């Protein structure tokens, strides 16, 4: 059934289809029809970052930027939901069109630019939720925040969502905010990670509650870069790493009419580069610091291979757009076979 609905939606511009889909899910949830759409994913509990996940397949950040659709998405069978990226202040993102489908490659190119309604709106939405599951909140910096003030934006984000999130993700890897990816390297990364850890400790002391913090990184780094990130994460005593975000490479989609569009490429073409980064991180970190695998999961096997490579959890986004809720159950069952 989802295939028929998807084909109709794919006749619309991508961003319009995205909005209609989410509003339709909200309506179905309100009418108590979510069960018709929900995956049949069975329980597959796993403990990661001190949290008990009902299954290891989650929704990646980006689909529900403002937590406006949390209840509906949470009823589809995901083991956890990550919302955002949210910035301290609302911002419109980049001019439209800014999202492009590449169906021949099961891929999407986007240059959304952290469009979101800001922290205050998200906190209101999160406080209204009935979704009882694990919630991750992904935080970023505003586009007009100078590079030298980036740490303050991340501190604001962490402090604001700390009491609401089960875990927090720090996004330093979107290609659509100028200069953001520079924070993944050298002294900039070390300084940022230590600021993040300091903010986490301050929030823990104030609240008496420990909320794990993970960092989301890009696939576009060499083996030396992966080793550096692993070392910096261990040194800063962060709680997890999400690998990976979208890629700026176009090698896998060369020749496609949209191949030269600016932005991040997600979906099947990211599968191998994401896997390489996961393998590199696990080689350095082992089980000391968990990896959450995302990028190019379009079927059960591509989910299972990330677990075999060392990931403890996986997340879906573009594959979910193309396959729908059935992909959740397929991924859970493929991972179950590894146990």
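Don't overthink the numbers, they just go from 1 along the chain as shown.
Using the three backbone atoms N, Cα and C, a Cβ is placed for every residue, glycine included.
Annotation source TrEMBL lists domain 'Dihydroorotate dehydrogenase catalytic' at 44-335.
TrEMBL lists 61, 62, 63, 64, 65, 85, 138, 171, 216, 244, 267, 296, 317, 318 with the feature FMN binding site. The 10 Å shell around the Cβ of residue 138 (FMN binding site) contains 26 further Cβ atoms across the protein chains shown.
Sequence annotations record features per position, and here TrEMBL assigns substrate binding site to 65, 110, 111, 112, 113, 114, 171, 176, 245, 246. Residue 113 (substrate binding site) counts 19 other C-beta atoms within 10 Å of its own C-beta, drawing on all protein chains shown. Residue 113 (substrate binding site) carries neither a helix nor a strand DSSP state and counts as coil.
Sequence annotations record features per position, and here TrEMBL assigns active site, nucleophile to 174.
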Specify the nearest of the binding-site residues 111, 113, 171, 245 to residue 267 (FMN binding site), where nearness means the distance between Cα atoms. 245
Under DSSP, is residue 267 (FMN binding site) part of a helix or a strand, or is it coil? strand
In whole Å, note down how far the CA of residue 113 (substrate binding site) lies from the CA of residue 65 (FMN binding site). 11
Please report the DSSP secondary structure of residue 65 (FMN binding site), reduced to three states. coil
Per-region confidence, the domain 'Dihydroorotate dehydrogenase catalytic' (44-335) (mean pLDDT, whole number): 94
